[in-house]
Amino acid sequence: MSEKYIVTWDMLQIHARKLASRLMPSEQWKGIIAVSRGGLVPGALLARELGIRHVDTVCISSYDHDNQRELKVLKCAEGDGEGFIVIDDLVDTGGTAVAIREMYPKAHFVTIFAKPAGRPLVDDYVVDIPQDTWIEQPWDMGVVFVPPISGR
């Protein structure tokens, strides 16, 4: 990945609220299935904005910090996804998205961010990201002091 896209907590909340507004009315949904781990925080934000209390997870491992590797399903929610929103932070190459589509063919699959290769696999997303860009999510970063360039 040649570029980095830094996401702040404020940006994430703004994007999640925009996505939530597109998912109204909230009564049409039985619940939310958050893809662990990237979809956990966006899932909580959607649950809050939509007033949804039924939140489950599907646990799929495909990244080891910044290296993509083989998919491994650790836990899945019951059913075919009918009436559920499945949320992840990002659709990248589409590997996880294909697995999600197979597991929950009737779910409404959404992400906050989408790269070109995975975009056709989601029902909705908020932000376009170039394929060669790495996203730094706020839960993966800490706030640190940065000294002035002048050194004074």
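Even glycines carry a Cβ here, placed using N, Cα and C.
Quick look at what Swiss-Prot lists:
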type	residues	note
BINDING	Arg37, Gly38, Arg69, Asp88, Asp89, Leu90, Val91, Asp92, Thr93, Gly94, Gly95, Thr96	5-phospho-alpha-D-ribose 1-diphosphate binding site
BINDING	Arg69, Asp92, Thr93, Gly94, Gly95, Thr96, Trp134, Ile135	GMP binding site
BINDING	Asp89	Mg(2+) binding site
BINDING	Asp92, Ile135	xanthine binding site
BINDING	Asp92, Ile135	guanine binding site
Long-range Cβ environment of Val91 (5-phospho-alpha-D-ribose 1-diphosphate binding site), under 8 Å and at least 6 residues apart: Ala97, Thr111, Phe113, Ala114, Lys115, Gly118, Arg119, Leu121, Val122, Tyr125
Between Asp89 (5-phospho-alpha-D-ribose 1-diphosphate binding site) and Ile135 (GMP binding site), the C-alpha gap once rounded to whole angstrom: 10
Arg37 (5-phospho-alpha-D-ribose 1-diphosphate binding site) versus binding-site residues Asp92, Gly94, Thr96, Ile135 - nearest by Cα: Thr96
Gly95 (5-phospho-alpha-D-ribose 1-diphosphate binding site) versus Trp134 (GMP binding site) - Cα distance in angstrom: 16
Alpha-carbon spacing, Thr93 (5-phospho-alpha-D-ribose 1-diphosphate binding site) to Ile135 (GMP binding site), which is rounded to whole Å: 13
Three-state secondary structure, Asp89 (5-phospho-alpha-D-ribose 1-diphosphate binding site) (per DSSP): strand
Greatest C-beta neighbour count within 10 angstroms, which of the binding-site residues Asp89, Gly94, Gly95: Asp89
Rounded distance in angstrom between the Cα atoms of Ile135 (GMP binding site) and Gly95 (5-phospho-alpha-D-ribose 1-diphosphate binding site): 17
Arg37 (5-phospho-alpha-D-ribose 1-diphosphate binding site) CB neighbourhood, other CB atoms within 10 A: 17
Where Trp134 (GMP binding site) sits in the secondary structure, as DSSP reduces it to three classes: strand
Fewest other Cβ within 10 angstroms of its own Cβ, chosen from the binding-site residues Thr93, Thr96: Thr93
Ile135 (GMP binding site) CB neighbourhood, other CB atoms within 10 A: 20
Which of Asp92, Trp134, all binding-site residues, has a Cβ with the fewest other Cβ atoms inside 10 Å: Trp134
